[in-house]
Structures are given as C-alpha cells and as structure tokens.
Amino acid sequence: MAPKPKEFKADFWKTKDFKISIGDIISKEGIESTDESSVVMGPTQKPNVTDLRSWDMKLLERYPPFYSPFCDMCCLCTYGKCDLLNKRGACGIDAETQQARTILLACCIGSAAHSGHARHLVEYLIEKKGDDFPIDLGMDIDIEAPIMRTLIGKKPKVLGDLKEALDYLEEQMVHLLSACHTGQEGNSKDFESKALHAGLMDNLGKEVGDIAQIVALDLPKGDPEAPLVELGVGTIDREKPVILCIGHNVAPGAGIMDYLEDQELEDDLEVCGICCAAIDITRYNHNAKIVGPISKQLKFIRSGVADVIVVDEQCIRTDVLEEAKKNNAVVIATTDKMCLGLPDKTNEDADKIVSELINNQIDGALILNPDKVGEVATKVAMKTSGERSKVQVLPDMDEVVEFAKKCTECEWCVRVCPNSLPMMDAVVAAGEGDISKMEELYKNDVCYSCGRCEQECPRDIPIISMMAKVGEKDLENQKYNVRAGRGPVQDVEVRRVGAPIVLGDIPGVIAFVGCTNYPDGGEEVAKMAEEFLERNYIVVTTGCGAMTLGEYRDEEGNTLYERYSGSFDAKGLVNMGSCVSNAHIPGVAIKIANIFAKKPLEGNFEEIADYILNRVGACGVAWGAYSQKAAAIATGVNRWGIPVVVGPQASKYRRLFLGRTDKEDSWRINDLRKHTEVAGEPAPEHLLYAAETIGEATVMTAKLCIRPNDTSKGRQLKLNHYIDLNKKYFGTLPHDIYKFVRVEKDIPITYKRDVMQILEENNWKPREIPQEPSLMDMKGD
Ligand code: SF4
Ligand code: SF4
Ligand code: SF4
C-alpha cells in the first residue's frame, strides 16, 4: 500500500521536535515501520509519562478535577493512618493530592487488567499461529490499529509486531505505578496527568488485545451484518450438560468450542458465558450463548444450571468456588490472575484430571492450557450433568415463603444496598405469599445481585437464592439477542460519515459501555439508546452495556438489534464486542481525524486529540460503571477529547472533570485558519460528568456532542435535540442555550421565538465561528 500523503501544518516543524524515520530495517525479529519508505514522525512517538503533560494541563485547566472523597484518611504506609482533613499527612501529602493519587492507582489497576489480558492473548496466539501470522482485517480496513499507529508510530503487520506496543506500555505502567509510592508525586494535577497516561495505556492495551484475537481467531472483521446471537437465561437448554464461562479472556472458551467441534459434540452440550468472555466466545462461534452481563453472575451460579464453571479473569466473584460447591458444580480456573488456591493441573493427563474432579479428590483445577480446558470441561460436564440434575439447588417456592417469614424487618438489607432497593418490603411480602415485589426487583436487573444484602442479613435469609428461584418462573420470556461483536469500524464507513459527523449533520456518536451498576435497572439504558437512535445519532456499544441493550424488547417483541442496522451510520446500532473492543471507540474518532481530515497519526497524539475534542461530536455513557477498568477506560478516552457521562454510583470513583461555564476565559480557542484566539464556548462542557437520573444523563449526553466546529446547520440540529430532550425531561428550554448560539443561523427554526427571548434576556451578541478550532498553539504555549 502506497504511503498516504501527510498534511502537517506549515509551521509544524518550527514549533515541535520532530524526527524523520527512514523506514526501520526489516529484520526477522524486528518491526518494520508504517511504510517501507519515509515516514514523517510527529513529536511524540512512544510518549513517556511527561511527554503529553502540556496537553493534559490544557484539559485540566478547562476541566478542573472535582473530588468527592470517601473519607479523609490515608492508610497507605506505616506512618499513618493520617487524617487529611484540612491538614497534611506525615509524608506531606494533602487531601486533594491524595485523591488524585487514588485515581491514578485505580487507573493503573484497570489499565493493567486490560493490558495483562492483552499480553496473555498475544503470547498465546503467537504460540498457536506464529509470530508471522498476518494482521489482516480485510479489504475495508486499512487503518487496523489507529491507537498503536498514533502512539507507537508503526503499522503492525504481523502478530509479533504487537509485542512492541506491549513492551512500551508495560514500561510506562511501571513508572506510573511507581509514582503512587509514598514520597513521590506531590501535585494533584500531575497525578491526574499520570492518570490520563494510564488511561491512554489502557486504550492501547485493549486495541492490541482485540486486534490479536480478531485476526488470529477469525472473529468478525468490522462486519456490520455480524449475526444475531442468543442472549438470556431462558435461552440455555437446561436438559443438556452446561459449561459456563465467566470473565474476559476468550482463550479457554475458544478451547472448549474447538474441542466440541473436533469431537462433533456441538449439539450435545451448552456453552454459555457471563461478562465479556461470553461476547468474545460468540464472536468466535455463534453456537455459544450469552447468559447476560455481570448482574446475572450470582443468581445464575446459584441456579445450579452450570455443571462446570470455567473462570478466567476480571469481574468474577472471588467466592465462585464456595458458591459452586453449594450445588456440586466443578470450577476450572484458567489464568494466573485467578488461581483460587486450586492445584495446578496444567501438565497432567486430561483424563486423570477429569477423574479427580468427578470423584471429588480435588476442589477444582487450575489449568493454564486452553485446549486442555476444553477437553476437561467437556468431559466433566458430560459425566456429572446427570447426577447433578438430581440435586435440588434452589429452594422451592414453599421454602422461599418460609425463609421470608424469618425476616424481622431490621432493614439492614436496604441500608447496605448500593441503591437502597426495597428488598425488605419484597421479603416481607414474600413471607405473606406475594412474590410480585421480588419479581419487580428481578426484572431488568433492578437488583443486580451484588449479594451485599444477603451478606448482612442477621437472619441468614438466602435472598439471592430466593431471587433466582423467583426468576425461574419467567424463563420463557428471558430470551433475547445481541449482534455479535463486529470489532472496528471500517474505513469506508468512516469515509461515508466523517463529514456529516464533523460538520454536525449527524448529531453525534454515543457509546454505551460499561457494567451494570445501574441505579434502576437496565431498561432505562436501552430506552436511552433507543431515544438517540430515533434521533439519527450513531450508537456504538461494547461489553455488558451491549448485553443490556439486547435485553430490551419493544411492544412488538423486537430487540434494538433487530430494529436497527449494525452499520456505523445515522440510526446504526454498532456492537463492537467486548471490553477490549472498547478501543475501537477512540479508534473510530482517530480514523475520522486521519481519513476525513488527513491528519497524520504517527507520533501525533496531541493534534489528533485536539481534533477530536473540537470537532468530533462523540460522547460515552457508562451508566453502570463499577470497576477500576471502567475508571481507566473513561480517563483514557477523556485524554483523546471524548467526554463521558456516568451514573450516580460512579461518583464513588471520587473524581469528575467538570468545566466551568462561568469562567469565559477558559473557553478561549485558537482559530488555526486565521491564527487568532477567539472567544469560545463550553463545547464540550464537561469531560467526565455524573448524572443522577437517566433524564439528566440523556440531556447532558446530547449537550456534550456539541463542538466548536459545527456548521450552523449542524448546530441547529444538535440544539434542536438538546432543547427537545430538555423539554421532555425537565419541561423547559435549557437555561444555558444562549451559550451555544454563535450566530442567529444556529437557532433551530422550531424554537426560534423562545430561543430569541432567552438570548435577549442574556444580552447575547453574535460571535465569530472559528474555522479551525484548536487548543494548540495558544498564547503561552
Ligand atoms: S502515605 Fe502519607 S498520608 Fe498516607 S499514611 Fe503514609 S504518611 Fe500518611
Ligand atoms: S443484591 Fe445488591 S443490589 Fe440487590 S438488593 Fe441486595 S444489596 Fe441491593
Ligand atoms: S436484613 Fe434480613 S431480616 Fe433484616 S429486613 Fe432484610 S431480609 Fe429481613
């Protein structure tokens, strides 16, 4: 492929350090550069911890961190614990800096989880397919790794090339984690800059992981018509032996599917999954089924349907072994992240392991070879399934009532519930023979089975088992679907929609991601997605969020995936895949900058992020974010200039990035076309915003798609949705609408009179629309 023409600004070379790389020498071990010929490398190839600090400081100036500490204490070293309320700790740290340190720690943990996963995948797939296995995403995807190209400055051509990105990010992660040590960084904004770097490493690690598995396991390569796969507790055939995979690493699940295929046993067993492992297994083999998101975990394990539970990594209940023992299910651990104290049987004969497991000689097994996992899990499931079906694992309905009668109405279950759900009322009603309140909590995962209520109940009432039993009544209706994760957006799709997105004709790209820590169940998230789809936005999704969208049916019984196309286009609902596929969300924004605006990628992070922040109307929604991975993901996309709206529980992450509309100077912007700084607007207004209600989140998401680059036609469209939604949820026109009207032509026709009145009340004056809005090359840079 011939090199693409690069369009740097004319004075680019004057203001930045840059170097010209004349194509690295291709060697057996080495990596060749993006092209064999010359590549003009931008200023930040393989940026170190401080290399993008000036960009971070611009973001932090505009979007200052807002901290909401859990407590005023620090207990991290033996000088402590230290009370940081209006004073410093023994090491000299103050409360604000300590909060920022905690954020960095969370981002490091999350980023390491994704990158460790990616390292495992790459090593495993190289072992299977070889270093030289080509990275080929098909004819329609030329920019296969936009994040890697931007940060590493190279195009990966074979699996072995991905190792350079992993080596780089692992080095960065060591430095970042080391900054968390006592007596290192002493400034909150510098901690935040490091957290942004950790988030960026997270994005890179995910991209490496997903690309590796897409090419080596032949997962869909950006296919908008990837098939619909089955989702829901009710889709599992309970008469067959059932293997349940929980976690995020596709390798053991793929090993199981391969073994079933080799042995021609596909029709004899059910293989299903929870969390992203489920999504990725169905990308690999459409015969697998998805039980559902993380919220299904405890209830489904308790239901006893699974004969064998295969766990890999991330977001798995750490008491899975104890829970499995309660119903004689066998646990197989498969990665170094989660060994559960089990004997390492990786090198033992498969039949011997099977024998030890079914004769209860061992509690479970650690097997680090995915192919052997496939054989052992299948044989154990087939041998134990018949016996286990005689074990009554859940209480029957009479027992549910008897358990409920033990309730003393102490209200502990309500007090400890993250959402203060009315579990006590539900239990009391069940004790009177009325299970309707429990059913209400079960539906749509309003109760997401974290199990805290059960842990605290002084009467040892098995609340989750009772919920699982209640849910069994409605199994027939718990059958849904989801489009198999398609992976990245195709370059041709970007060519088609790049202009309408940047000019504002497509009002925005909304990404529904994250977990199920929802304040009031998943249905409201699906309805929010439906709202944006109906309004011509592009909706992308990954992970548990993608499953939640699939669990909602309209009055005709169709899921969102049945109603909307899988194309990256207006009204398209694009399931990219699992958590690691999340990387394709900043990835498509980067592609827009490169394909549509011809911005060079290699070593050119800041210009790309600046372009996205000012011109690509994208916004993430992580309504149920709960993990450190979610913290890293959001922080990473924030650094690319993509804002994120999170749910109320996410305030527990302790930090938001909130813009201050009252500080007009913080919104000044450089018009690169005219080389002048002009008054700007709060667009996007925030980088990380926690909403309390779904209405607030919907309105804010529409607002956060506004960009300085919008044409008047595009701005009219965006303001029309913003006003419409504000009226729908709050009954009024938004009070700040005047801040987003640059010239009269920006005003939506249908609301012209009302908006004009608000403009007059606020002494509004027209202002210049910057032709090339940018935060780069500002005064003082
Ligand atoms: S790290 Fe600092 S603030 Fe924390 S316990 Fe140690 S001395 Fe106290
Ligand atoms: S399981 Fe968790 S979410 Fe459900 S009621 Fe209990 S504490 Fe609340
Ligand atoms: S904690 Fe247990 S006993 Fe107390 S109200 Fe809840 S269910 Fe009843």
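Counting begins at 1 with the first residue displayed.
Placed from the backbone N, Cα and C atoms, the Cβ positions cover glycine too.
TrEMBL entries are annotated by machine, without manual review.
Here's what TrEMBL has on this protein:
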type	residues	note
BINDING	Cys71, Cys75	[4Fe-4S] cluster 1 binding site
BINDING	Cys74, Cys77, Cys82, Cys91	[4Fe-4S] cluster 2 binding site
BINDING	His114	CO binding site
BINDING	His248, Cys276, Cys315, Cys515, Cys544, Cys579	[Ni-4Fe-4S] cluster binding site
DOMAIN	397-427	domain '4Fe-4S ferredoxin-type'
BINDING	Cys407, Cys410, Cys413, Cys457	[4Fe-4S] cluster 3 binding site
BINDING	Cys417, Cys447, Cys450, Cys453	[4Fe-4S] cluster 4 binding site
DOMAIN	438-467	domain '4Fe-4S ferredoxin-type'
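Among the binding-site residues Cys74, Cys77, Cys82, Cys91, Cys276, Cys417, residues whose Cβ is positioned under 6 Å from ligand 1 are identified as Cys74, Cys77, Cys82, Cys91. Proximity of the binding-site residues Cys71, Cys447, Cys450, Cys453 to ligand 2, judged by a Cβ distance under 6 angstroms to any of its atoms, singles out Cys447, Cys450, Cys453 in sequence order.
Taking the mean position of the Cβ atoms of Cys417, Cys447, Cys450, Cys453 as the [4Fe-4S] cluster 4 site, the remaining residues of that chain whose Cβ falls within 8 Å of it are Cys413, Val416, Pro418, Asn419, Leu421, Met423, Tyr448, Ser449, Gly451, Arg452, Glu454, Ile463. Nearest to Cys457 ([4Fe-4S] cluster 3 binding site) in space, judged by Cα atoms and limited to the binding-site residues His114, Cys315, Cys544, Cys579, is Cys315. Selection of the binding-site residues Cys407, Cys413, Cys457, Cys515 by a Cβ distance under 6 Å from ligand 3 yields, in sequence order, Cys407, Cys413, Cys457.
Within 10 Å of the C-beta atom of Cys91 ([4Fe-4S] cluster 2 binding site) sit 17 other C-beta atoms, taking all shown protein chains into account.
Secondary structure by DSSP for the domain '4Fe-4S ferredoxin-type' (397-427): 19 helix, 0 strand, 12 coil. For His248 ([Ni-4Fe-4S] cluster binding site), the nearest of the binding-site residues Cys417, Cys450, Cys453 in terms of C-alpha separation is Cys450. Taking Cβ-Cβ distances under 8 Å and a sequence gap of 6 or more within the same chain, the neighbours of Cys82 ([4Fe-4S] cluster 2 binding site) are Met73, Cys74, Arg88, Gly89, Ala90, Cys91. Same-chain residues that are not part of Cys407, Cys410, Cys413, Cys457 yet have a Cβ within 8 Å of the Cβ center of the [4Fe-4S] cluster 3 site turn out to be Thr408, Glu409, Glu411, Trp412, Met423, Met424, Val427, Cys453, Glu456, Pro458, Arg459, Ile461. Here the candidates are the binding-site residues Cys410, Cys413, Cys447, Cys450, and by Cα distance the one nearest Cys75 ([4Fe-4S] cluster 1 binding site) turns out to be Cys450.
For the binding-site residues Cys71, Cys77, Cys413, Cys457, Cys544, the greatest number of Cβ atoms within 10 Å around a candidate Cβ is found at Cys544.
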